[in-house]
Every structure is written in C-alpha cells, then in structure tokens.
Amino acid sequence: MGSSACSSVIIIGAGISGISAAKVLAENGVDDLVILEASDRIGGRIRKEDFGGLPVEIGAGWVAGVGGKVSNPVWELANKSGLRTCFSDYSNARYNIYDQSGNIFPSGLAADSYNKAVNSAIQELKNQEAKLHGTSTISEPPSSPETPIELAIDFVLHDFEMAEVEPISTYTEYGDQEFLVADERGYEFLLYKMAETFLFTSEGKIADSRLQLNKVVREIQYSRNGVTVKTEDGCVYQANYVILSASVGVLQSDLISFRPPLPKWKTEAIMKCEVMVYTKIFLKFPYKFWPCGPDKEFFLYAHERRGYYTFWQHMENAYPGSNILVVTLTNEESKRVESQTDEETMKEAMAVLRDMFGPDVPEATQILIPRWWNNRFQRGSYSNYPILSSRQDFVDIKASVGRVFFTGEHTSERFSGYVHGGYLSGIETSESLLEEMRRVDDDKEKGGKSMESQTFLLEPLLALTESLTLTQKEAVSDLHKWDMARQLFLNGKLVVQEAIK
Ligand SMILES: Cc1cc2nc3c(=O)[nH]c(=O)nc-3n(C[C@H](O)[C@H](O)[C@H](O)COP(=O)(O)OP(=O)(O)OC[C@H]3O[C@@H](n4cnc5c(N)ncnc54)[C@H](O)[C@@H]3O)c2cc1C
C-alpha cells in the first residue's frame, strides 16, 4: 500500500463545493490540505464536452437566480471571469407545444391544461397537509393528467418547476432570471479561476500535488486522533479532518465505507433525500429544420407517455449556426435511455422530431447522451428533498460526525440542487471546520480537557448504538420546510402560469 504525508484536511471531491471549501481553508492559513478527486478532472457535475465542434454543458448549464435585489454569488463569479451567457426566456414555450402530427396547440388549451395541473397539485398538497396533521379527512383525490398536452404540462410543472428544490430561495433571493452559459471555456472555468487562487498553475493547468486526480476514495476511518482515507489504488492518506463532498447519490451507494459506520440518524437523513436524474441529450444536424428565433428557443412535444422526449431547446441563440438541438429527459426516462444503446435513443428521438416537423427531417449526424445515473462518482444529477421534509433532515445531512465534515449541494438548506448551493455549502462547511479547529486550539492553550476529547471518549459507545450524534445537532421545529414547500408551490405556480398564459 502506498502512503502519503499527513495533512491538516483531506477534501474528497473537486466539484464546486470541494474547491470552494479548499479555497476558504487556504485563505485562512490551512494550506497543508489535499484534494482527492475520483475522476480525471475538476468540476464534478459542472462539465463541458466538445460536441460538433462546440463546447456543450452536459451538467449544469444555467446560472439560475439572477436579477433580484441580492446578487447570486455564482453570477458574480461568472461576471468577474467574463463568462459568456445568454438569457433564457421560457415564456414562449406556451406557443410551441406540438402534437404528434406536427400541429401546434392553441395557447388557450395549454393554459387550461396548466390550470388543471396546478389545481391538482394544490389538492395533493392539501391532502398531504391533512394527512400530516390529522386535522381533516382527505376531501378529494387530485385529478391526474390524461391527454398528451396535459401530460406534457404536468411533466414541465413537476419535473422542472416543482422538482427543483426550493426555487423559493433561489428565485426570491436572487431573482427569477436564468442565464445559459455559452462560453468555449465552459462553466467549469469558474472552478479553475477559484482553484488558481490557492493552487499552483502552469500554462492554464493546475500543477499542484495537493490536487490528486484519479483517486477514488473507498474507505474513511475516523477516531479521536484523526482520519485515515484509503483509495482504490491502495494509497492511504492521513489528516486531522476530512471534508466529504461526494453527491448524496454516492453517499447512498456503497462506494465509500465508514469505520466506524455512520450513526443511524446520519444514514437515515442520507437515505431520505431523493436523487433526481436529469439528462440533456444533444443532437447535431447538417442543417436547421426547426423554426428559429428567440421566441422559438424552447418547445414541447405532447405524447401519451409522460416525459417522452417532451422538452426541447435549440442552440441557435447560444451558438448561431450550430445546428444543435437538446432534449431533456428526467428520472425513469433518463434511466431507461441510459440503459439502451445510443443508436436506439437516436432512433426514438428522430421519430419524435419527424412527428413534429415532418418526414423530411434529416438524420442527426452526432448524438451525445450523458449517463449521470450510471456514473458511480455521481449516481444521479442533483438532490431533491421530498416536499414535506423537516428542517431536521437538512440539519442531519450536513452535520459532521466526529472529524468527518459533510458538504455539497445536498447540504445546502436553501439552495440544494444548484451550483450556488454547492458553492455556498463549501464555504459554510469550511467555516464550521475552522471554528472547530480554533476551539480545539483554544482548549489546548487553556490546558483544560477539551470538549472534543470528551466527545471522543464517548465514540465507541456511540458507534455501537449508531443512534446518537457525535456533534451538537440543533433541535429544530418541523414547520419551516413545510411553510417553504407551500411558498415554493405558489412561486412555481406564478412562474409557470406566466409562461403559459
Ligand atoms: C445534468 C445536470 C444539469 C444541471 N443543471 C443545473 C443548472 O442549470 N443550474 C444549476 O445551478 N445547477 C444545475 N445542476 C446541479 C449542479 O451541477 C450541482 O448542484 C453542483 O454542480 C454540485 O456540486 P457539488 O460540489 O456539490 O458536487 P459534485 O460536482 O458532484 O462534486 C463532487 C465530486 O466528488 C467526486 N467524488 C465522488 N465520489 C468520490 C470518491 N469516492 N472519491 C473521490 N472523489 C469522489 C466526484 O467525481 C465529483 O467531482 C445540474 C446537474 C446536472 C447533473
């Protein structure tokens, strides 16, 4: 087994949360850190690929939450780096819903279907509330979408608007605009800019041994004396603390084992969080055959199977002359497509396009299908908290366990699921760790018995029971998230109604 020198902190994962966490530590004098990243690059779920001669974002594509009173920190980073972005105007999607014969639905019908979907969601929320509080009997079951247009709108409402965790915070705090990144350096350029402030770079590349790529962490041992991290290639790393930024999908899988095992409250919080799969499929054509112009950027396909190649976008606003279309699938459809060959998927997508635009549509020359679900370093696209999650779930998922600190978009109470959630969570986690380090130093100086050592004396017992926290968990009420869920819903309602009317 190879071994490596002891560091103060090991950071697992070089996505935006891992890099922002490392930057805060380095700025505060903790520069004997090491970042272990499983893949061969930094960025995680922010990832550009070359496709048809252009950079396309197969992971995060938008800076969401722009134009409000408070500035989104990721939008500030994008502006500082001069990242090229395009405003996305979803409001015209209402005029662009195609049936299977290529006819566009009248916008009035779309508005009716939308109202039906909203009313059904309100009913569902009321029923859930009644069930939760046991206050009244459930009045009527929510109506289900039936027709292809109702299914298409239900899909957009639930899998895009409602499924995004806490748009209430992102859109009310930062504004309701979204900007698509269309820059040849990619969204990931923001991470390089951040990394170069504390890691050595040479010719635009990170050349610093504190960033170790292709290091798949398989085991984390933690005790009162420190942490030992083992990687798949047999290396062993030791440190005082570890910050773990792997996605919640990875935490739910068996990729990383913990010694002692994580306590029950922690594993329960991890398992409660749902994972969304969101797949952008890119198709390159020899020429354009779809209507162009800014008001045609987004269009929907109405099919009797919910989520079947429903949501389309042309790339002409971002890259004029690119002849690229993107279709977005989610969850079960994403998993289905991930498990079949690219040729099969191409055939399905081409049949849908010929339904919408006629039999003369030319064959795509290239297709790109990211597989986030089957990627063992991701296991999904982003976290999605069930609508009635309690605040305690968030507290538990981000709480540290002994010397193991947790970070990543899933630990952001207000912005989970977003790039800015990952960015801010990295900062918050490092700030908590720095506080802990200062406290331990103070205790040492005082010569007294530190709180920490008292806590670690209990460790074997806690590991045995797997039921208590090794850190101080806040006791919080259940009300908070529920209130937010209702506001989220109202917010989603306003946003999409606006788009459909
Ligand atoms: C398809 C898609 C579209 C999205 N669209 C948007 C959008 O438009 N706007 C938006 O704001 N957000 C979007 N998101 C969400 C956003 O990308 C994420 O919230 C954010 O990038 C997560 O950052 P992170 O640092 O928490 O996690 P990650 O980026 O996943 O970083 C974690 C890192 O840990 C590494 N890792 C995992 N396991 C191990 C291990 N065992 N050992 C070592 N390293 C390990 C991974 O390789 C990864 O690099 C999208 C995500 C996807 C997938």
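Cβ atoms here come from the backbone N, Cα and C positions, even for glycine.
Some features that TrEMBL has for this protein:
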BINDING   S17, E37, A38, V217  FAD binding site
DOMAIN    16-433  domain 'Amine oxidase'
SIGNAL    1-21  signal peptide
DSSP-derived class (H/G/I helix, E/B strand, else coil) of S17 (FAD binding site): helix
Set of same-chain residues at least 6 away whose C-beta sits under 8 angstroms from V217 (FAD binding site): I12, L36, A38, V229, K230, T231, E232, A246, L255, I256
Extra residues within 8 Å (Cβ to Cβ centroid of S17, E37, A38, V217), FAD: I11, I12, G13, A14, G15, G18, I35, L36, S39, G44, K215, S245, A246, F377
V217 (FAD binding site) - helix vs strand vs coil (DSSP): strand
S17 (FAD binding site): tally of other CB atoms within 10 A of its CB: 34
Segment confidence, the domain 'Amine oxidase' (16-433), expressed as mean pLDDT: 92
Greatest inter-residue Cα distance in Å for the FAD-binding set S17, E37, A38, V217: 17
CB within-chain contacts under 8 A for E37 (FAD binding site), separation at least 6: G13, A14, G18, L211, Q212, L213, N214, K215
